Amino acid sequence: MELEGKKPDPKYGESRKFDPNFKGPIHSRGCTDVLCCILFIVALFGYFAVGIVAWSQGDPRKVIYPTDSRGQFCGQAGTPLEKKPLLFYFNILKCASPLVLLEFQCPTTQLCVEKCPDRHLTLMKAKLGSNEDREYYQQYCKDGVNLTKLSPPEILKDGLCPAILMPSKAFTRRCLPALGTLKGGVVVVGNETTFTDGKGSSINATDVLEASKKSNVVVEARQVAMRIFEDYTQSWHWILLGLVIAMLVSFIFIVLLRFLAGIMVWVMIVLVILVIGYGIFHCYMEFASLKGEPGSDVTIRDLGLQTDFSVYLQIRQTWLAFMIILAIVEVIIILLLIFLRKRIMIAIALIKEASRAVGHVMSSLFYPLVTFALLAVVIAYWAITAVFLSTSNEQVYKVFNNSECEYSRETCDPQTFNTSNASAQCPDAECLFAFYGGETYYHKYLILFQFYNVFLFFWCANFVTALGQVTLSGAFASYYWAFKKPDDIPSYPIFSSLGRALRYHTGSLAFGSLILSIVQVIRVLLEYLDQKLKGAQNKFAKFMLSCMKCCFWCLEKCIKFLNRNAYIMIAIYGKSFCPSAHDAFFLLMRNIIRVAVLDKVTDFLLFLGKLLIVGIVGIFSFFFFSGRIRAIEDAAPSLNYYWVPILTVVVGSYLIAHGFFSVYAMCVDTLFLCFLEDLERNDGSAERPYFMSQNLLSLLNKSNEQAKSLD
């Protein structure tokens, strides 16, 4: 007997016809989108070539070690400077020059030293003082300088030694003046407000403060990065433990969902509401506890950007913002659950059927590990190549001078500079290391290599995701179209589906992932332009850019949706990408009401499951890393920013939960498309029986009732 349903709209193509020989994924198939397969293989070989060139030209030490005026790395193991890890500036006052902001380099000699100066001493005092003073001063001069044989004017003229040493402290491997403040805001260096520079002039400590700020403008971001890196070194094993717990919780949840789908969905809904509710309660308690505390009423706007993010947790406005955000999320979820209460029952029935499918294809639960491993390889290759590309520039030296000089800021060679015209015409000029660059063809087109690295990263990552989707959909389609379950299900559905995907459809997967990658790269370029235009005053340009970002975001979501369903059709019928995308789209449009009733509501329930796992793991990691669990307070690592491991665990937990739930999501989507195909092919009679289970038959009746209510 044919079950009553909404008649498909003929403008979206003809319904599938009955085929007595069709029994699931077609085994007799040919290679699809061969041209795109060849293009993808050629692009991969090009990617490997870019990586090899980058690895031969790059030098990651440029990121790790500070560089002196000769381009040598301070503190690098296996070099003469191994025991000199700190960078010392001859004249820190020159770092106050605007040139620092333009070229990220102080126009003064920079030297690798073993330790920073801890006393105030001028060159003249060292020259006339004891042997101990001369030996102490000489370690901050260039190699080979003898203070007893040369006069101070000769030394300063040739730039062999600094004119003055002042108490300094190591900061991000750089010797910066040991600045302090007395009562009333008076700036001091080593308890002195003014001192001579060795040339008869007086220096104010405030000038030194300004120079220190300018010299530090480039390394402030590095300071935060180093602290974050230090936090990772202290907490990586706890982060790993948190991710393992997230994996176990996800796996247990999926297994329970297999046997107790209906109960687990309702438990999941209730727990999500409770977890978010606890978050609101915790934010309120923190907000209330800060009432009356000094400085707690300062606004985030007044506080500005701070490198120590824990400062924001000391003001009430932060917790108020968190509380409002969580309350809005809670209200939205509750309202959705109220409006979707009838459809949730239908979606639970579809999840139950997906649980049966997963139970018969248990190996599908472990396939996300393959996807994680492949994505890890892609991300690692991209990151390593990006680092080597960004550090593959050569050392560029420029002329730095104090007086007017026609050769100022021109490139120079430190080996021949003393005999060049620039040295003769500008006696006070020096040839100093400026930055890393280059004039070769490789360096001119380096930006193209970096762009190619980003583009191939997106393409490869999307290809890996597409491979997982086709593999899972092929396995679950084998389950659905098995008339006698589980007898007609192939022995190794995952391996069979993976083999078909790689053997016949690499080109189609590459085609779909290429389209998505192009859109994603355009979005990256738009974000880059947005960053560049932040300081611009052209309101129209900003408006157009915002509109384009919104449009391409929507386009990316649509392409992901189309690709996902196209991959399911590829797994079943073995057609090329475009015909498969066409068939999938028209099939969904012919059954658009059922899509709204079943598929999207199921996706919402699975999203709540991911949210629950992230919430549980996130709350426990917050209490652990912030030291709020007294029983294990001593076990928590000492961190600069305790939000670093918390955020890492939360993001990692979401990715892990997404990986496990993606199996269910792919199963639901595959079964849903097969379900629609089954309705169009068959009528439930003895000659044309449905392949769907009794559970899906009752589900169809319920969806028909919902569809009528939506008409």
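A Cβ is built for glycine as well, from the same backbone N, Cα and C atoms used for every other residue.
Annotated transmembrane segment per TrEMBL: 34-55 (among others), in sequence order.
Taken from TrEMBL, the feature transmembrane segment covers 236-256 (among others).
Taken from TrEMBL, the feature transmembrane segment covers 263-281 (among others).
The transmembrane segment feature in TrEMBL is assigned to 319-340 (among others). Same-chain residues lying 6 or more positions outside the transmembrane segment (319-340) and placing a CB less than 8 Å from one of its CB atoms are 269, 272-273, 276-277, 279-280, 283-284, 286-287, 290, 300, 313, 601, 604, 608.
Look at TrEMBL and you will find 361-384 (among others) tagged as transmembrane segment.
Here TrEMBL flags 456-483 (among others) as transmembrane segment.
The transmembrane segment annotation in TrEMBL covers 604-627 (among others).
If you look up TrEMBL, you'll see 639-661 (among others) marked as transmembrane segment. Under 8 Å from some Cβ of the transmembrane segment (639-661) lie the Cβ atoms of residues 227-228, 230-232, 234-235, 238-239, 242-243, 246-247, 250-251, 253-254, 308-310, 365, 368-369, 371-372, 606, 609-610, 613-614, 617-618, 621-622, 625-627, all in the same chain and six or more residues away from its ends.
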> Counting Cβ pairs under 8 Å to the transmembrane segment (236-256), which of 34-55, 263-281, 456-483, 604-627 comes out on top?
Replying inline: 604-627
> Hey, which of 263-281, 361-384, 456-483, 604-627 has the most Cβ-Cβ pairs under 8 Å against the transmembrane segment (34-55)?
Replying inline: 456-483
> For the transmembrane segment (604-627), which partner among 263-281, 361-384, 456-483 gives the most CB pairs under 8 Å?
Replying inline: 263-281
